[in-house]
Ligand code: GLN
């Protein structure tokens, strides 16, 4: 067993310390014992664990929606609607929506992501969702679909997100009506992927979008990475930056992308994209095994990049 496999095996044992997300009924049905990792460089891919599993992107999609909206409107316009400051609060917190000129703090928390959903290019809900799926499909090189069971389950239990959307609307931070913004946001959270798709997405950031069909302004990619560092792992982003030191984004499905700009992990060299699926999550919402894996990976392979 090589060092990488040992790190994987050790991290997998941590799944027992987490719990699958229960506040979205369809996610509560996931198997918390699963743990899958995919690492991708220009020339090789290493897959470990339950890599055939599919799951929904959840908050990982927030990075992509931000890029699509910022690419379309330009950063200056986007900054009128959403800031780029971390909050230290949980992802669905409502508490700061009456401070800071009522503007959502950043696009990685639900408030900012719902505003971004309303700003996506397109006249209809369908076109807005498509603007993001098309961009994602160009990155991962295959068609994606929405998991409707997860979408309907979320839509029916979206009281918190609906409350956030109404506050955003009341303060002029929503470009569409409440229900359309929610439908777009929740459909995007429900895009179905596998761990290899996540690695491709992370690899896109690792190469700054080079060699991909998905065209994105370089400045926007830089801000997306900065947002991942400062806000990508919810209110554990500070600790993640301090002890792991990689741009990363997580979702409550147990998905994580992590970006290595230049590293060496077994036979992989140079820019490396890491995709993780481990549905047993901690109190904050991050995959327990995923965090453990990245912690040891960063240390053992000297990946800390800040
Ligand atoms: N769809 C989820 C929600 O809005 C996404 C949250 C997450 O992954 N943190 O609650």
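Sequential numbering from 1, following the chain as shown.
Glycine is treated like the rest: Cβ placed from N, Cα and C.
Predicted, not measured: the structure shown is a model, and the values here were computed from it.
Features reported for this protein in TrEMBL:
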- 59, 110, 154, 161, 185, 234, 252: substrate binding site (BINDING)
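Under DSSP, residue 252 (substrate binding site) is assigned to coil, being neither helix nor strand in the three-state scheme. Screening the binding-site residues 110, 161, 185 for a C-beta under 6 A from any atom of ligand 1 leaves 110, 161. Within its own chain, residue 154 (substrate binding site) has 24, 26, 186, 189, 190 as residues 6 or more apart in sequence whose C-beta sits under 8 angstroms from its own. Counted within 10 Å of its Cβ, the other Cβ atoms near residue 234 (substrate binding site) come to 27, all protein chains included.
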